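**Student:** The structure under discussion is supplied below as structure tokens; questions concerning it will follow.
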Amino acid sequence: MDVNPTLLFLKVPAQNAISTTFPYTGDPPYSHGTGTGYTMDTVNRTHQYSERGRWTTNTETGAPQLNPIDGPLPEDNEPSGYAQTDCVLEAMAFLEESHPGIFENSCIETMEVVQQTRVDKLTQGRQTYDWTLNRNQPAATALANTIEVFRSNGLTANESGRLIDFLKDVMKSMDKEEMEITTHFQRKRRVRDNVTKKMVTQRTIGKRKQRLNKRSYLIRALTLNTMTKDAERGKLKRRAIATPGMQIRGFVYFVETLARSICEKLEQSGLPVGGNEKKAKLANVVRKMMTNSQDTEISFTITGDNTKWNENQNPRMFLAMITYMTRNQPEWFRNVLSIAPIMFSNKMARLGKGYMFESKSMKLRTQIPAEMLANIDLKYFNDSTRKKIEKIRPLLIDGTASLSPGMMMGMFNMLSTVLGVSILNLGQKRYTKTTYWRDGLQSSDDFALIVNAPNHEGIQAGVDRFYRTCKLLGINMSKKKSYINRTGTFEFTSFFYRYGFEANFSMELPSFGVSGINESADMSIGVTVIKNNMINNDLGPATAQMALQLFIKDYRYTYRCHRGDTQIQTRRSFEIKKLWEQTRSKAGLLVSDGGSNLYNIRNLHIPEVCLKWELMDEDYRGRLCNPLNPFVSHKEIESVNNAVMMPAHGPAKNMEYDAVATTHSWIPKRNRTILNTSQRGILEDEQMYQRCCNLFEKFFPSSSYRRPVGISSMVEAMVSRARIDARIDFESGRIKKEEFTEIMKICSTIEELRRQK
């Protein structure tokens, strides 16, 4: 079918067509190899932007540190990180003046959160730098390892289960002269296989104790591990992102809680809301500027871009902001919030895996770990790498680079938004005291600036003043990449505004298709994505119907479940045909069992099992929804599940979909190969962790939404719960006296064992 593509756009306004130029179809680019080079780039760039600052040495770790704060004012347009403390504090004061009580109220809200947050908050999140093993781990495992090490070193405040008490342990750990940790290592030995009589390498996992002195421990506690950001579209070069360890995470969480609470009260902030709510909020600001500029004024909007936002931000500036925002608050609260920026001022960047060398002639490959970069001969490297290493060498300690200025990606999104909004806030007429005034939108490093003035000269003056104000706070608006236009057409966080926000549908493209979880979840997610896009993103009925047909086709190819009467031969077609022939009511078969598709755009909100329930054969229904079916390892399914959708940019979104537990909701088994690697010890820890949690959930069925509060340990809580339940069951006659006595005896034994331990 040949279509002339230009015909498609005859009636479409340019703003709608622009979404087709976004690089969101096909697979995104992934990075291979190490991120060491990208990390060195980040460290070197960050120091270059602040190069005229003051050098000092950290007395504890010996790391050289560069402090650009209150440094020389810029004389050119080059990006720079010389924020001026007094300017930042003044911007904060004006922000408070135009929003009376904003900091006070947010502090009160945050204090409540601090008192109530449980330590399991830190198990959220993906890969985390695990300082005990010096590499990345799933967040829950990294937290468990940290707590285990803390307890074996006599730090036990965390046993209360409150995050704030865990953070007290972190503070104490930094004062200790040494910390003892358990590390995993691999032993390899050659043994003869009994069956094949060949020599094979046998790997065993050992655990050994290791002592870290204060300096080594501090370096690890302040380390951010770096990786390459994957799946970034529309970029030629990759870049590094950081993952902090458990010591830093809790403190960052509380700072961001305060900043989030402030952002919610600021009309110019694009965070923390999203989706339609965000569009409505932003449209309000634009409407205000347009209605006020009707007759005498002209109005222009800048689609803004900042140069290297995080690399010019400075943790010391954030410390000044926090000190100001919490100035009338209790001492303990101010201390808790000031620790994150202090740790970031002393942060170390781990350089990753190092470099891989291969010799074509000798067919050899060898890895040069990051720790060796400090003293290896540079003749092996090409020019650009050699320059990088020479530049970074003075900053290296044990394979990590001292990185005092700059913030790594994504750490303080909310707080940096507050900083950006404080500049926009200065644009009101009462502050500019001239004929022009301005407003705008800020979302992390992305901004849109709206300037109103009687004439073009006024607009230019307004933009210039904004540009210079930004420089004073360490923000660098890029003159090359920012674009000015009559108000009414601009772009902000990939939303295109044209007298109202257009749907940028192309950004949703990656989430269409088959997710690959299991047959049940995939069907549910697929139709939910189509439904959501009809609601939120202008997906019209005809296109939605087509999307649905394509999805069903894709689904059938993925799971090889073509209709029972099809001619297509696949690995499953034999079984599916057999089922088709012996089924009386063929309309009741699920698509994944070779049934036909009953979905259309009107019933996308109904799970497939419910849609076909009345049409199913009795015995098919019984097999499909049989919890005792031995061929299926079930997960316990809540009525609503969450899928993690990766939108085209921005953080992964949680998408809810209806889940009906059937024999199609299977979980694939773990790959065997992991069991022979050094990961095995970790896997065993993880399984034990999982078992404990499952057991706990059995005792407290409601614990999925309410954690038992109090100082007791998990075991104590379960024992006391068992006693209460047993007594109730005994008194109501549900269990016999013998059973009751036995339960009580087991409880006493458990307590006795705990005492002996």
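All positions are counted from 1 along the displayed chain.
Backbone N, Cα and C atoms are what each Cβ position is placed from, and that goes for glycine too.
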**Student:** Among the residue ranges 203-216, 301-314, I'd like the one that Swiss-Prot describes as motif 'Nuclear localization signal'.
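**Tutor:** It is 203-216 that Swiss-Prot describes as motif 'Nuclear localization signal'.
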**Student:** Write down the single range among 43-51, 115-123, 187-195 that appears in Swiss-Prot as motif 'Nuclear localization signal'.
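**Tutor:** Result: 187-195 is the stretch Swiss-Prot calls motif 'Nuclear localization signal'.
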**Student:** Among 249-256, 409-416, 641-648, 689-696, indicate the range for which Swiss-Prot gives the feature region 'Promoter-binding site'.
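**Tutor:** The listed stretch tagged region 'Promoter-binding site' in Swiss-Prot is 249-256.
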**Student:** For the motif 'Nuclear localization signal' (187-195), what's the model's average pLDDT?
**Tutor:** 80
